[in-house]
């Protein structure tokens, strides 16, 4: 007897699973910074010659690091749900303010890169898969494989060296020149973000292209595609109405999975281009052993990845009703 699942029950089941994942993430987010090497208190105080044991004890008490771990975890949960995520002793401001300002600049890079990378990979993968084993397919596949094989931070360094240092076409880093407003500020922002956006877009497109190409090749062998060709349908109609539509579902899923990968990839790219996003924030927070800031940054990233996966679940059901 075939079982039928109510959509509401299915949604609640998925929400419960995501909730469990979030709980595990919160616990790991608390524990991992505390097992990292180094002492955050001594890192704040500076060189050993400039502080005493009393200074260490006083600052540990102020930060709550003198309490047992279970009490620290209780305080962490209480602050988490009350909106008090702690105070960053690196940036000298509340964690939510520090993370919020940097998250905005990371999303300015990631969101356009996701859209542009998916469009580029979707179109190139569709063409390469349909015209497989042709010079066009070989050229596209070789190019994207070359990009995929190279570390993205190395591509960033090469572009910075060639286009900024040697040719002077783009700035060496930062977000804007400063002292601008209105359209001039927007144009200057686009000029500064062009190279990091290009690197992240290529990084995403190279991975998506391989998925898209293989999916298109698989779909081209389906009976309904052979039937469409036998009916004499135009190549454009077969490509965009039948093949493209049925190959989008895996691309959506891969995009959601890549959301976390893009955050990790952006970390080094932002560092190369001195872009003040989450990558730069995490890099500096780890170096300073800033526990509250590390926890806040990683938690925000984890929540963004979970939301991306939930969105992919909903979109996948719309694109492929068989999964409903």
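The backbone N, Cα and C atoms fix where each Cβ goes, and this holds for glycine too.
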Legend entry - From 103-131, 219-247, the residue range that TrEMBL assigns the feature transmembrane segment: 103-131
Legend entry - The annotated transmembrane segment range in TrEMBL, which must be one of 66-91, 248-273: 248-273
Legend entry - Non-local residues, at least 6 beyond the ends, that sit with Cβ under 8 Å of the transmembrane segment (293-316): 14, 18, 21-22, 25-26, 29-30, 32-33, 76, 80, 85-86, 88, 90-91, 95-96, 98-99, 102-103, 249, 252-253, 255-257, 259-260, 263, 278, 281-282, 285-286, 323
Inset, instruction - Could you tell me what the rest of the chain brings near the transmembrane segment (182-203), counting residues at least six beyond its ends with Cβ under 8 Å? - result: 108-110, 112-113, 116-117, 120, 147, 152, 155-156, 159-160, 163-164, 170-171, 173-176, 262, 265-266, 269-270, 272-273, 275
Legend entry - Tertiary contacts of the transmembrane segment (151-170) (same chain, 6+ residues out, Cβ under 8 Å): 191-192, 194-196, 198-200, 202-203, 265, 268-269, 271-273
